[in-house]
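Colleague: Below you'll find the structure I mean.
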Amino acid sequence: MIKERTFLAIKPDGVQRGYVSDIIGRFEKKGFKLVGLKQLIPTKQLAQDHYGVHRERPFFKDLVEFISSGPVVAMIWEGEGVILSARKLIGATKPLEAEPGTIRGDLAIDIGRNIIHGSDGEETAKFEINLWFNQDEICDWETSDSEWRAEN
């Protein structure tokens with residue numbers, strides 16, 4: 001069985017405001033498996049590489065400055081449908097458009113401080129996982145309750 005994985009990053013505002021355990025808990029409760037986790041202050045180069053698709057946009061410089069301004073909690077989550085489910089759990093990019101019950105709908109107000117980043121598709125997830133993690137930082141393990149999470 002191919003395991004779907006996605007990359008998530010709790011941004012400096014989410015770390016500073018103390019939302020790390022709440023956010024991790026939401027994904028654990030949903031039934032996803034955490035296979036990569038680290039906290040770091042991203043270099044400007046890492047931030048530029050991560051947000052390279054926005055390089056020509058007017059907000060690029062501010063985005064790079066913000067993401068490299070403090071600690072980020074980088075994560076790899078695994079599970080069936082994890083990419084789409086994570087996007088739904090995170091909510092709309094603009095927090096004021098995010099539904100209540102989503103991370104951004106519950107915890108964020110401003111688009112420039114929207115708490116969390118999540119991969120938007122399979123190719124992006126692969127790119128971001130490889131950008132932020134070395135292979136030896138990914139822990140491939142089996143949960144003891146996997147038979148209770150989804151039909152095989």
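Any Cβ shown, glycine's included, is placed from N, Cα and C.
Keep in mind it's a predicted model, so treat the numbers as computed, not measured.
Pulled these features from Swiss-Prot for this protein:
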- HIS117: active site, pros-phosphohistidine intermediate (ACT_SITE)
- LYS11, PHE59, ARG87, THR93, ARG104, ASN114: ATP binding site (BINDING)
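Please go over these features one by one and say how buried each is and what sits next to it.
Modeller: HIS117 (active site, pros-phosphohistidine intermediate) falls within a strand when secondary structure is assigned with DSSP.
A C-beta separation below 8 Å, combined with a sequence spacing of at least six in one chain, links ASN114 (ATP binding site) to LYS11, ASP13, THR93, LYS94, PRO95, ARG104, ALA108.
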Colleague: Give me the CA-CA distance between ARG87 (ATP binding site) and HIS117 (active site, pros-phosphohistidine intermediate), in Å, as a whole number.
Modeller: 9
Colleague: Fewest other C-beta atoms within 10 angstroms of its own C-beta: which of the recorded positions ARG87, HIS117 fits that?
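Modeller: The recorded positions ARG87, HIS117 were compared, and ARG87 has the fewest Cβ atoms within 10 Å.
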Colleague: Please state how far apart, in Å and to a whole number, the two most distant Cα atoms are among LYS11, PHE59, ARG87, THR93, ARG104, ASN114, the recorded ATP-binding residues.
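Modeller: Largest Cα to Cα distance for the ATP-binding set is 22 Å.
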Colleague: What's the CA to CA span in angstrom from HIS117 (active site, pros-phosphohistidine intermediate) over to PHE59 (ATP binding site)?
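Modeller: The Cα atom of HIS117 (active site, pros-phosphohistidine intermediate) is 16 Å away from the Cα atom of PHE59 (ATP binding site).
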